[in-house]
Amino acid sequence: MGDVVQMHFSTPDYVIFALLLVASTCIGLFYALSGGRQRTTQEFLLADRSMSCLPVSLSLLATFQSAVAILGVPSEIYTYGTQYWFLGVSYFLGLLVPAHVFIPVFYRLRLTSAYEYLELRFNKTVRIMGTVTFIFQMVIYMGVVLYAPALALNAVTGFDLWGAVLAMGLVCTLYTTLGGLKAVIWTDVFQTIVMFAGQLAVIIVGAHQAGGMGEVWRKAINGSRIASLDLNPDPTERHTFWTLGVGGVFLMLALYGVNQAQVQRYLSSRTEREAVMSCYVVFPCQQVVLCLGCLMGLVMFARYGEDSPLDKGYVKTNDQMVLYFVMDVFRDLPGLPGLFVACLFSGALSTISSAFNSLATVTMEDLIKPYWPAMTEAKATLLSKGLGELLFSEWPHAALSIFGMVGGPLLGLFCLGMFFPWANSTGAIVGLVAGLVMAFWIGIGHFVSRMAVPTTLPPIINSTAMPLPSNMTTAVMTTAVMTTLITLITALYNLSYLWYSAHNSTTVVIVGLIVSLLTGPMKEKDLTPGTVYPVLGNLLFFLPECYREILYCPKAIDTHPYQMARKESNGVSHPKEEEKTEETEREKDEDEETATPQPSCRLAHTLQETAL
């Protein structure tokens, strides 16, 4: 196998790539100089809660449609076939549940950081633990998202590695710091269009050179790349229908349900209805993105067949194959390689900018403001902008992608609080720790298990001396126990990566509930109104009322926004909502005076009087 074959950019390619950076910067400058000019934390961190459905949905799509996915999905399809396409099945519940469960709770609590919820539901310690876990998760993920594609680009085209990293990082920091969330969302929209354009260009030109889509499909079928429905229930199988369609649901929930980067977009919407609609709009967009990745992989196979550039030694890793293919297809078409690289780094920009903004938000709201409540609005906004610049300087340059591993325990923590009213703060803390320990044990064990290990157990019975019957029985039992234990641990280490979120979130919930029951369940009167979603009340409708009272089974959540006993982050209260709350209280008091007393369960969702 020879050295990696390098192809080089032409001047039009560099021009198109530079235009992407310039356009993104201009969007940031526009929002820095217009509107409220990002003078309040509400405008900087939440776009003044003024965004409409379409830009929010495209931003939701772009946030985790990273360059790693643009490079990885076509390589996956080329190597293993279209089984990965069944991940689209998980999008149904993966977006439906956030739309009708998480968004109503978060939006009505008028949060800025998703981890404010954890303090309202449990206590400040749980909030800080959730925040620190999220920061660790996103910093590691940012390193992978930007460095990995830059490394692949450098290997295939000779594009300067650190030049690409620094250019993208500086531009991203600039428009994020200047324009706030509004600039991030609108650059996401622009970058989403660039991503679609780049992938479509590759598919159209590549399919034309291969003889048309009919020929691409024929070659894919002959090469066994069109996968059938694999209903194998084995969780250690990398990709099956159950792994993708069910395990993928938990991954989507971790991404679109409780991740601050996405929650922040929901909270920036003008109304709760617009936030819910953004989930519905992003669903078909996700399917289109998945199909584009699959089609690109099939076009690659039509061009190279089984004789891949990796086998020939033209590239060294799978993530370099797509870039090599693009440069090969566009060899005689100057400017189009630059368009695809713009597409590639649009994915990186959208992810990194979202991470910057969300990290600045949680750091400000969860780690700084609670300890410096007297900080002025101007200083808070300036500090929020400075945090974005600081985070850029602290990127790790190479890291293990553990996004799903850490996202699973966070999902479990939110589910524990939202669905189980009797879960207490001790259970939440112990459950989160247990989930993280399990996540890292499986993740690290998966890599360690790849190393050379003995394939057989050491002999228990000495060949020169026959043991006594009692010793032989003990030896046989010990061997059986060890074999069973090793088999279980090996299966755990071989668990498909798509089951990580499901496994780790379930661990948090189970351990959290057990510890909560052992340490004394949370009492209904101690629950903050609006923090529990009535899933138990809906699922256990058949139980008598007395049993549902014991389990604190609310039947609904508040239909009015719940105002916490504090002002909004920007120091501005909401008079209309305040009046609505007071008016509701007056009506409730009048009803209580005139109504006949009836025994009823104090539900966790009952609107209580708040003081602003």
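Don't overthink the numbers, they just go from 1 along the chain as shown.
A Cβ is built for glycine as well, from the same backbone N, Cα and C atoms used for every other residue.
All annotation found in TrEMBL is predicted automatically rather than curated by experts.
If you look up TrEMBL, you'll see 566-587 marked as compositional bias 'Basic and acidic residues'.
The region 'Disordered' annotation in TrEMBL covers 566-612.
Here the transmembrane segment (14-33) has long-range neighbours at 167-168, 171-172, 174-180, 182-183, 186-187, 190-191, 194, 335, 338-339, 341-342, 345-346, 349, meaning same-chain residues at least 6 beyond its ends whose C-beta is under 8 angstroms from one of its own. Per TrEMBL, transmembrane segment is recorded for 14-33 (among others).
The transmembrane segment feature in TrEMBL is assigned to 85-107 (among others).
The transmembrane segment annotation in TrEMBL covers 128-149 (among others).
Taken from TrEMBL, the feature transmembrane segment applies to 161-181 (among others). Outside the transmembrane segment (161-181) by six or more residues, the chain places 21, 24-25, 27-32, 38, 43-47, 146-147, 150-151, 153-154, 187, 264-265, 268, 345, 348-349, 352-353, 356-357, 385, 388-389, 392, 395, 397 with a CB less than 8 A from a CB of the stretch.
The transmembrane segment feature in TrEMBL is assigned to 193-211 (among others).
For the transmembrane segment (239-258), the residues of the chain that approach it from at least six positions outside its boundaries are 60, 64, 80, 83-84, 86-87, 89-91, 93-95, 97-98, 101-102, 114, 229-233, 279, 282, 404, 407-408, 410-411, 414, 496, 498-502, 505, judged by C-beta separation under 8 angstroms. The transmembrane segment feature in TrEMBL is assigned to 239-258 (among others).
Here TrEMBL flags 279-302 (among others) as transmembrane segment.
Residues annotated as transmembrane segment in TrEMBL: 339-360 (among others). Using a Cβ-Cβ cut-off under 8 Å and counting only residues 6 or more beyond its ends in the same chain, the transmembrane segment (339-360) has close neighbours at 9, 13, 16-17, 19-20, 24, 45, 59, 62-71, 134-135, 138-139, 141-142, 145-146, 149, 153, 157, 159, 164, 168-169, 171-173, 175-176, 180-181, 184, 187-188, 190-192, 194-195, 197-199, 201-202, 259-261, 264, 323, 326, 330, 384-385, 387-388, 391-392.
According to TrEMBL, the transmembrane segment annotation covers 398-422 (among others).
Feature annotation from TrEMBL assigns transmembrane segment to 428-453 (among others).
Per TrEMBL, transmembrane segment is recorded for 474-493 (among others).
Long-range contacts of the transmembrane segment (499-518) within the same chain: residues 235, 243, 246-247, 249-251, 253-254, 404-405, 407-409, 411-413, 415-416, 420, 422-424, 426-428, 430-432, 434-436, 438-439, 442-443, each at least 6 residues beyond the stretch ends and with a Cβ under 8 Å from a Cβ of the stretch. Summarising the annotation, TrEMBL assigns transmembrane segment to 499-518 (among others).
Note on the transmembrane segment (428-453): residues 118, 122, 125-126, 129-130, 133, 400, 402, 405-406, 408-410, 412-413, 416-417, 489-490, 492-495, 500, 503-505, 507-513, 515 of its chain, located 6 or more positions outside it, place their CB under 8 angstroms from a CB of the stretch.
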